[in-house]
């Protein structure tokens, strides 16, 4: 019987060939069992004679008893290894429920059976559980009538007790036997009915209560009973209604071939069709030879096939037997059998019993080998299944960059990249910089419409050393942001744990050749599952491990560059990877799947292999072997049997036998490892690129190589098209064949296939945008995938294209571009530009295949809650209008208040959009029947004055690139797209008799594309491009155009109105009328400034009204849209608030906005201001009538209220002043009687200066003038001449303008509903041609494809849309809390800035004395000769300090006041005595002195000998310090050696803007000075530490200053590095040597050295410290004294190599954000957030030293400004950020404000005022007057921070509010303040009475006007949400 067993196993292997199946997720059932007592006896005695080990006849069935036999687990594993999938278990009803009731079970028996079932599950055997087989409980025999209920109760008990372990149940296995056991007083039919009822009840209970267990239930029937049971409805339930499948007890007569078909044919009568399981098969009259068994098996299969009975499995026990001599195992495994070929030869010869082909490869080959080329390449027009996933992929090391950012550790690819072995010496350091571009990449994915994004996690970014102990939080944050952003955009993340980039630290320990890496990978995987698994539901453990094994450890072409194919690759790496994968899968399966419900798989790569010579069997075998070596190496252990393919092992064994020494070693898996591996994937990810022709290896060689070991050689067909990669040829049909092979060999329809990588590269020399070859590649390959699904039934569930963007491609560097998006690696911002293939791929996703999508007309997203025909006012506007209140409210705002940034959000349904217009973007000027427009005619006419003679012939070519435009809109996340329709594209002649269907189709496609993506179309009917045919009959001067325009509009409403819900009739008619018919600059170039604009405007208003009524009457009810027109205006700000200028400003608005708005939104007529001015000037010009036409009363009624919303285009502001212009010649501009100009302080742009604050005022004016009408800003943007993608100025523009709109909405109640940025992309900007760029997207007009690339502003605008405004970030929220009790509060000054007395009492000259007395050095020629005269005002200064309540006072010592010549030869006692008195006074007032030894005022005598450039200064400084320690050290316990050495070195000796004013050695002097300053500090620190610390007990350190720097573009690696460099060169220059390692920062040393050498020098200009100096300098601090004021935006700036300066060495340029509040100092912007960030940077960079903020403050200019709100804002904000830093665990010990009082601010003299106290320099007494900020600072000190108002009033704040009470004896003044006048009480009483009378009249007037007002309108006021009004919104 040994051969028979082998044949059975072969048959089992062949079931997939026959198509026998259960369903899509369960294996075919091959059953054995149950356990019997005889079987257990034989298993206990393996040396004795034994029966077949899994055969069980009806001998006594084993009843479970504890403990279970110890050998059972091993036995079950051997059973499973023999391809048996299920095992029968018979439950003993009587033993489980001895009393017959489920309430009292035998718990021991229950536990025993659970253990038995668990043992089966552990062995991966599924239990087949029979509820009852033989013995009935006694209780059932006594109550036959209750049998059904008792059995149902027992069944319920069993389901409940074992259901979690059982999937298949049988109620009875032998009905006849049970019938005989029941009492015989009942008839047989009655007893059968009892059993039927019992079964039915059990089935119903399972379905009702236990269906969630997912199991199936049946009853075993004898085949002969089926037809009888079906005859009786009462028993037919046993066959079809109460079973999930039919289970048969079947006997087979071997000599009667018709026996089995006859029995099975009866099952065909059952409807609906049922599945059949052969529970037991009894053979009769059968021989036991292999030949007969083979005939029997295949006869059985033939019978099943012929009768089309769906057999889901059967009992194979009858066939199983091993020879009695077999002692080695309990089961005969397939590996022990004869070869398949031998078995086939032993089979029968008859055709009826032909052996099924069992080689998956052979079956695929035979299926496709004979295809004709036409048949093979036939294109399938069909779609993919619903739910098919489309995506793109990347790998971390390919795209992320940021190789050393934020704590990431190096990977093996970083190491290889730095070895200069990559093509072009490329490295992955920056790559595509995706680490900084999450928002950019996700936007592109949105535009692409990707449904899944496959990316990999950089192991070393999470665990820098690879070990899972300390995860890198910033790396984790990056992936959290990426995953969250993907999900927010409805993109499924598919995360790969390992994509070839092993942490270098692990490679140093052996890499994948070490078992340790498996454990490390498991820790890493566990962390990822735990951290990201709540959102990631698709996991890939390894990406293409074959590549890593083959190229990384075999050929050495990939990292880590090891060339050892025989041992490292085969023996170690692949083996470790497989074990790591399996362990990770089981980890997820056991610990994470229940909660996370995700799937874990692996991505394997494989080429398809065809035999080179199909007629040669050896080539056929070689091709199959190739697949086993490439794909089966990893797939076979995971998806088949837990072990390597037999072909792989046999080939290696054969090679090793042929060679004198082994060429390869294939390790063995233990049985446990095999069980771990088998089935350890929820899906098979497959990547495929190309195919190979394979032949058997020629010649004998023992040189180890992949091909040699495999015994094959690879070839290509020269006819296969080439790609940029030598290894990829285009062979589309290979992917279909590979998928079929994978399905047959590995997945068998049970495991889904995810196609996870397919694509081809283009080369650097090819067209980088037009990748038509790749489009063809995708088109063909995707179609072959579709064939595999539709025609071959392969379960492919996704297609993921490689690659999303260009990236680092390993050995080929950046020379091969796989991306759908081109990345410009020559640009530091790494911009991405969509290729043609991106748009093709999007079309595939949209259509889900290859059939043109049936367009279902969807309704556009509605415009929310627009009231109809709002008419707030029906009376004309006054002159000046009541809207003048806007100027009264806003024009006196201080600049700080005006510009302060406001945080909040817009209404939930706010409509965010972008704008464009037809002529500016469409191009295709004469394509597809379009007629010419006036702009076509104009631009084609010589002398048109369009810059560069540009035309709109092609423009952005949007007519031919609709897919690109939709891609951008989706990426932006806009909710609306405002575009215009080209009248001449719809009606070429302008008339409805000439409809152009091609043009209509274009707009239908555009509108459908928008609506499908939930983007509302906002359509402008006319945007200046009148059909030339209509211009030829007079254009807008011809009244017939009103009807023609209405006809055109009617057609558009009828054709597009079902989807367009927002219409605008005209765009900016003011410009249309003036520029086209006034100045004549625009076509039709009519120069008639006095009459033309008014005539045209008149026609336009009537045309608009006509169209409005057409829509209102014919379409509105059905289409439910809104209609208006877009009006434009700058804001008009009066030069002064004198009435004539205010009237002029109002008049400017009436002549621009009011010209069209007043008739439409008010009373149907022009504004009086316009009528009066034009009328009066016409009369003065002796004209009979006004040049402004008039409307009839009927026309007024027709025009009034013909707009549903107010659409506004605005860009800038103007300063306006009244003037009286000349009368002639008449002109629209002169009629306004005003002058207008832009303030030169406003930021310049290409066309208008930016004045964002005007937007808020203009919106308020509209509200006041036209009522509470919904307002949409339909154009707002900025033109720049710079085409760069880093358009920071545009970001600032939109940021500030949108913020002003937000203020108008939230603070002023303007009913603002939407905002559309101008413009989507660069376009034809009228007379400016293409020289001015307004686009959020750059368009390359030199590229025939007009490629579009997102600018930085696009990313910013998307961020605003995502946030629906500008909400306050969590980081910026105000923090309430207190500082520690011992926190130091201080105020600072400096000697030269306040003392004065410059020559008093023997003081010597300092360099600042000299500098300030040098012409043109200090603003206003100010000096510090007197300053605040603090030398004589100790008492006054003390009062100021006591007002603040500070605990400390930071002052500096004037070196020359102590040592007049700078040396210790003479000590000036008078000067020293001043400091003694000052310090004693402080101490007496309980104020501790913080003394700065040097604050920039070097003795001039020392400067005369070189100053800080002379190394002797180190000793002079030490001597000076020692004098101070000796004389003052007993009083002073807080010393600062130097203040801001950066300023001393760079500004004093580099720029020359500070004393001593040296600027001619900027590349050397600052570094020499800095060098000496550091050494001087160190020597003084050591002096104090060694000599004075012990007895004086003080602390000493240095004060270092630094701005914080943010990258200008955080997504640009160069900017990130520039910001880091800025801080290191400023703060790190001095901090690094002292606080870190005694030497300069590495970046300083490297850059200065490199630039010095580039200049031709032989060494660096930066001096070097000796090793002993480094040791002496390092650690010379007790605290970190830190001065900080502001933040900058930094970006890289490369200076010419010949420029030698600090700035050139640093290579950084800096700017500031326009939204940051100004101060009185040009260099100081208020940026509180930077304070917290730089404090945290100090903590991280210098190991959290104790930090004292020794200066922080803000300046103003101008008047005394006692109510210094800007300083209050600054102090509260900055100190609050310091409190947050404390919360961040920064060791912050104290805060010092700069400054106590106004003083001499160096080169700005007394102009910059930093003081909390105002010093009146015009008063000889120089009084110190506290500002409001002094009170606020005192309050903060008193409260130790910021008490939470939610906790109620705090005592510290109540002190602030207390007012002094006047003494009774105090005289009371008889004069009182009344309305700004000092009056007697009698005078005030009289005045009050008069005012009261006036007030009564006013109240009556207001009441009357209110009545009239509310009668005509309803006002709605939007109230700002309290939660959005931060402390910053108080203005």
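Here the Cβ of each residue, glycine as well, is placed from N, Cα and C on the backbone.
Among the features that Swiss-Prot reports, signal peptide is placed at 1-19.
Among the features that Swiss-Prot reports, topological domain 'Extracellular' is placed at 20-1886.
The N-linked glycosylation site annotation in Swiss-Prot covers 370 (among others), and the record cites sequence analysis as its basis. According to DSSP, residue 370 (N-linked glycosylation site) sits in a coil region rather than a helix or strand.
On its own chain, residue 826 (N-linked glycosylation site) has no residue at least 6 apart in sequence with a Cβ closer than 8 Å to its own Cβ. As annotated by Swiss-Prot, N-linked glycosylation site applies to 826 (among others).
The Cβ of residue 992 (N-linked glycosylation site) has 1047, 1048, 1050, 1051 as same-chain neighbours under 8 Å, each 6 or more residues away in sequence. Here Swiss-Prot flags 992 (among others) as N-linked glycosylation site, drawing on sequence analysis.
According to Swiss-Prot, the feature N-linked glycosylation site maps to 1014 (among others), an assignment based on sequence analysis. DSSP assigns residue 1014 (N-linked glycosylation site) to coil in the three-state reduction, placing it in neither a helix nor a strand. For residue 1014 (N-linked glycosylation site), the number of other Cβ atoms no farther than 10 Å from its own Cβ, over all displayed protein chains, is 11.
Taking Cβ-Cβ distances under 8 Å and a sequence separation of 6 or more, the neighbours of residue 1038 (N-linked glycosylation site) in its chain are 1030. Look at residue 1038 (N-linked glycosylation site): DSSP puts it in coil. The N-linked glycosylation site feature in Swiss-Prot is assigned to 1038 (among others).
What Swiss-Prot lists as N-linked glycosylation site is 1176 (among others). Residue 1176 (N-linked glycosylation site) falls within a helix when secondary structure is assigned with DSSP.
The active site, nucleophile annotation in Swiss-Prot covers 1275 (among others). Proximity of residue 1275 (active site, nucleophile) to non-local residues of its own chain (separation of 6 or more, Cβ distance below 8 Å) is seen for 915, 978, 1126, 1128, 1209, 1210, 1211, 1316, 1318, 1319, given in sequence order. Mapped onto three states, the DSSP output places residue 1275 (active site, nucleophile) in strand.
Within 10 Å of the C-beta of residue 1345 (N-linked glycosylation site) we count 17 further C-beta atoms, all protein chains included. The feature N-linked glycosylation site is assigned by Swiss-Prot to 1345 (among others).
The feature region 'Glycosyl hydrolase-1 4' is assigned by Swiss-Prot to 1375-1848. Here the region 'Glycosyl hydrolase-1 4' (1375-1848) has a mean pLDDT of 98 out of 100.
Look at Swiss-Prot and you will find 1421 (among others) tagged as N-linked glycosylation site. In three-state terms derived from DSSP, residue 1421 (N-linked glycosylation site) belongs to a helical segment. Residues near residue 1421 (N-linked glycosylation site) in space but far in sequence (CB under 8 A, at least 6 apart, same chain), listed by position: 1415, 1805.
Close to residue 1510 (N-linked glycosylation site) in the fold, though at least 6 residues off in sequence, lie 1502, 1572, each with a CB less than 8 Å from its CB. For 1510 (among others), the entry in Swiss-Prot reads N-linked glycosylation site.
According to DSSP, residue 1674 (N-linked glycosylation site) is assigned to coil rather than to any helix or strand. Sequence annotations record features per position, and here Swiss-Prot assigns N-linked glycosylation site to 1674 (among others) based on sequence analysis.
The 10 Å shell around the Cβ of residue 1751 (active site, nucleophile) contains 24 further Cβ atoms across the protein chains shown. For 1751 (among others), the entry in Swiss-Prot reads active site, nucleophile, with the evidence type similarity to another entry.
Annotation for residue 1763 (N-linked glycosylation site): same-chain Cβ neighbours under 8 Å, separated by at least 6 residues, are 1827, 1828. Taken from Swiss-Prot, the feature N-linked glycosylation site covers 1763 (among others), and the record attributes it to sequence analysis.
Candidate glycosylation sites: 370, 1176, 1674, 1816. Fewest other C-beta atoms within 10 angstroms, 370.
Within the set of recorded positions 1345, 1751, 1816, the entry lying nearest in space to residue 370 (N-linked glycosylation site) is 1345 (CA atoms). With residue 1674 (N-linked glycosylation site) as the anchor, the candidate recorded positions are 1014, 1176, 1751, and the one with the nearest CA is 1751. Proximity to residue 1014 (N-linked glycosylation site), defined by a C-alpha to C-alpha distance within 10 angstroms, is shown by none of the recorded positions 1176, 1345, 1751.
Secondary structure from DSSP puts residue 1751 (active site, nucleophile) in a beta strand. You'll find the Cα of residue 1751 (active site, nucleophile) roughly 23 Å from the Cα of residue 1816 (N-linked glycosylation site).
Separating the Cα atoms of residue 1176 (N-linked glycosylation site) and residue 1816 (N-linked glycosylation site) is a whole-number distance of 54 Å. Straight-line distance linking the Cα atoms of residue 1345 (N-linked glycosylation site) and residue 1816 (N-linked glycosylation site), rounded to a whole number, equals 67 Å.
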